[in-house]
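Undergrad: Once you've had a glance at the structure underneath, I'll fire off some questions.
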């Protein structure tokens, strides 16, 4: 789960990490009053969306007067901001964060993430801050340093010292950086985050360190432990179909293709998407109905898939283990009758009660194309929509 920058900074401040000060705006009528409350010479108006690249897209503006700040805030609120992470459709700006500007001596990058390949927690730091870290990794990888932390032993003093020295800090800045590293680590562990990113972490002209921007992502499986974090969720920033699917116990991710996929199991779902592309088409979604799906969940899955107007055909690929093929077939038929599916539907079944499931489909009287294996299914759905 992602949260907004102003929420991330609120969490960091609770852990003693210095951040820039500001106020959030959720309605246009709050803009003038909010800006009047800020006692500063420089105003920074920031669009709050769950995507990076805001600055390059015009979602971050720096001005030196109240009137300019008010005009820019009014102009920015409600626009559709398109960045390299939002896709061409963009994201509507429904919140602004207006904060005090500050003089910057140097910018750094600092983050903590789960390194799944190494099964450990990893700090990532760079002297090239304020820019896309992926670009730094591609063009100047030598500017990035990593420190891995064994979960069994936890954060040690040598980790904190090492990060501070690698970034070139000296004297009091080393002490400040060690405190930031420790606080970020504690926040990461205690909130069940999967990423905390400060970009940029700056050195001000007075030599002090400050988190100028912040991003935090949380493990959704641990949200039940953190009602205060869950309360920060902004459903306006999430795909409504993905939210609807989650509420139905389905794992759904919308994509850009035209063939809807309904599969049980994440691995099989990814294999299904791969083979659709292999046969010359593109998947419209990732949808895992899970191992315990019933007729109602199957119907809801179809409704979600077909609510995407780009879908020209649907491929159902089920391996019956815990979930029996006859139950799946009954759910498919019930959904087809209720929804009136008007696009080609290809079904491939294997596993528990597969023959029973195929018989139910063949006796249904519906226009359902059956396939005997995955390659046959992909070939048939691609042919059907061509």
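Residue numbers in this text run from 1 along the chain shown.
Including glycine, each Cβ sits where the backbone N, Cα and C put it.
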Undergrad: For the substrate site that Swiss-Prot describes with 321, 322, 323, which of these is also annotated: 258, 264, 363, 379?
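TA: Site partner of 321, 322, 323 for substrate, according to Swiss-Prot: 264.
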Undergrad: When the Cα-Cα distance from residue 322 (substrate binding site) is computed for each of the binding-site residues 46, 53, 102, 213, which gives the smallest value?
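TA: Going through 46, 53, 102, 213 one by one, the closest to residue 322 (substrate binding site) is 53.
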Undergrad: Between C-alpha atoms, which of these binding-site residues comes nearest to residue 102 (ATP binding site): 199, 213, 264, 321, 323?
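TA: Result: the closest of the binding-site residues to residue 102 (ATP binding site) is 213.
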Undergrad: Given the binding-site residues 46, 54, which one's Cβ is surrounded by the fewest other Cβ atoms within 10 Å?
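TA: Lowest Cβ count within 10 Å among the binding-site residues (46, 54) is 54.
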Undergrad: Could you tally the C-beta atoms, other than its own, that fall within 10 angstroms of the C-beta of residue 99 (ATP binding site)?
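TA: Counting Cβ neighbours of residue 99 (ATP binding site) within 10 Å gives 22.
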Undergrad: Round to a whole number and give the Cα-to-Cα distance in Å for the pair residue 213 (Mg(2+) binding site) and residue 99 (ATP binding site).
TA: 11
Undergrad: Within its own chain, what residues at least 6 apart in sequence put their Cβ under 8 Å from the Cβ of residue 53 (ATP binding site), listed in sequence order?
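TA: 83, 84, 85, 132 - these are the non-local Cβ neighbours of residue 53 (ATP binding site), listed in sequence order.
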Undergrad: Most Cβ neighbours within 10 Å: which of the binding-site residues 107, 213 is it?
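TA: The most densely surrounded of these binding-site residues is 213.
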